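**Q** Feature table excerpt (TrEMBL):
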type   : residues : note
DOMAIN : 6-114    : domain 'Plastocyanin-like'
DOMAIN : 127-277  : domain 'Plastocyanin-like'
DOMAIN : 384-497  : domain 'Plastocyanin-like'
DOMAIN : 534-559  : domain 'Plastocyanin-like'
Amino acid sequence: VGNLTLHRLCGQQVKTVVGGSLPGPTIQAREGDKLIVHVINTSPYNITLHWHGVFQMFSGWADGPAYVTQCPIVPGSSYTYKFSITGQEGTLWWHAHISMLRETLYGALIIRPRLGRSYPFPKPDQEVPILFGEWWNANVVDVENNFRTLGGLPKLSDAFTINGQPGDFYPCSQDKTYKLNVIKGKTYLLRLVNAALMNHLFFKIAQHNFTVVAVDARYTKPYNTDVIVIAPGQSADVLFTANQPLGNYYMAAHPYFPTPIEFEYGTTTAIVHYIGASLTTKPLMPVLPDFSDTATAHKFYTELTSLTTVNNPHWLPVPQVVDENMFVTFGVGFEPCGGTCVGPLGSFLRFSANMNNISFVLPSTISLLEAYHEGVPGIYTEDFPDHPPLEFNYTDPNIAFAFPLLVIEKKETRVKRLKYDSVVHIVLQNTALVTAENHPIHFHGFDFYVLAQGFGNYDPISDPNNFNLVNPQQRNTIAVPINGWAVIRFRANNPGEKFDFILDYMNLVLILFSKLFLLLSINGTKLLNCFDLIGVWFVHCHLETHVPWGLNMAFIIENGPTPSTSLPPPPSDLPHC
């Protein structure tokens, strides 16, 4: 990880990248592989990397969110992430999980079936990573410091990008536009990742259709569409066939942004070039949905279902018995700033964000996982509420005038403990106290079943009648509808998957040896602390400004009953604060 001068939009900026490239290197693996990633920080910034969507079985220390599972890798130091890919196939990704540095610190993580297995769809002729991003004509560390200090909104990005390039409609960009050469009649698997910091995106290819075969590395029942909607943090595997006349066709993306506040209006493009067509022929442009087309977005997000046939080895039926019920509201609010900021309502309030009216504060001297492991008191409390403090009309934009204290949030570090293997059922309810948004909520360590989505306030009487308990889509990031809700369910065993006997046996042996080592080397009190949790898993909005504002919480999952369901001790090179 180091700094590099990059030329975009008629100027140059020093950006932080991996391996001297934007996007960063694509990591390719097979299900069952162990990944070892040596991260050497030669940049001037603190760094962590998150392996977005990876379950991190037995490897919670490698998850990557700063001050949650590790302290940052400081400039001039290194850390080795080690983890296995278990029970997952498809497209995931990796990115910085500190500050706004994931603007340019990201790349694809492609997981193919283990040898002897095949895709549950016809094998494509070529696979192509397509990563959407954002670009600032500024140092994003300064951008973040500015909005956090002043209390207002961040500077908008200056461009969207496809594979690191803005495309033909941005100035000084035409000669660098990404180009995909295709052969007429061939089928291509596009591995889409939305690495943008602040925006959902609509994506189309002129005169071509898609078949969605996976989202968030979970196989779906094939879904035919001419438009993809993808939230920040989400991924999708889509097939398209080059079945149009020889020519050039734009692939294009622009924001889905239904909120009536300022946003970046640009359109990023790349070119699909049919081999044999003239390179000088002007590409055809697709007609993208309107920026505020919630109907199109909702249709796409809700019509996907899981592939439940025998050729999807990782499908497990939805748990029917629930152990934990939660109702979690979230949205944007304010916090006092004592006359020291330039916030939205003068010098006494700054923007904040919350879940169940708790605006989450990350520790700064130790990570949550280390604090639990070491038994350090005073870092967090285990009393994150299962419900908001007050029931109200969550999607009424005028409710803040009736209950003004609802928009003033408590700044606390509160987590929720879950028993191993418990089934957790959560209603995620959007609010409109300050502004209504479509929040992409990301769960570390788990995929979840999306049982239903809707608009307005969730109705516990009528809405359960619409639950899909047969083949719901599975996600690690859910775009909760603007002025609406989503219902999800997951099993807290991080996660329950079917293992090969040899893999289970090896994990058991490794953990038993690690426990024997600890028994011989540390005192009994610390030994007990080491073995009573399986992990700390962050839950947060993937709109980047909402993380420092506090739209986060965390789960602590207790260890299971056997060594093979327990978290090993931390690696020797784990960074310290």
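Positions of Cβ are set from backbone N, Cα and C atoms, glycine also.
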**Q** Tell me, roughly as an integer, the mean pLDDT over the domain 'Plastocyanin-like' (127-277).
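**A** That stretch averages a pLDDT of 95.
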**Q** Reported in the order helix, strand, coil, what are the DSSP residue counts of the domain 'Plastocyanin-like' (384-497)?
**A** 12 helix, 44 strand, 58 coil
**Q** For the domain 'Plastocyanin-like' (6-114), what are the DSSP-based totals of helix, strand and coil residues?
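**A** Helix, strand, coil within the domain 'Plastocyanin-like' (6-114): 6 helix, 52 strand, 51 coil.
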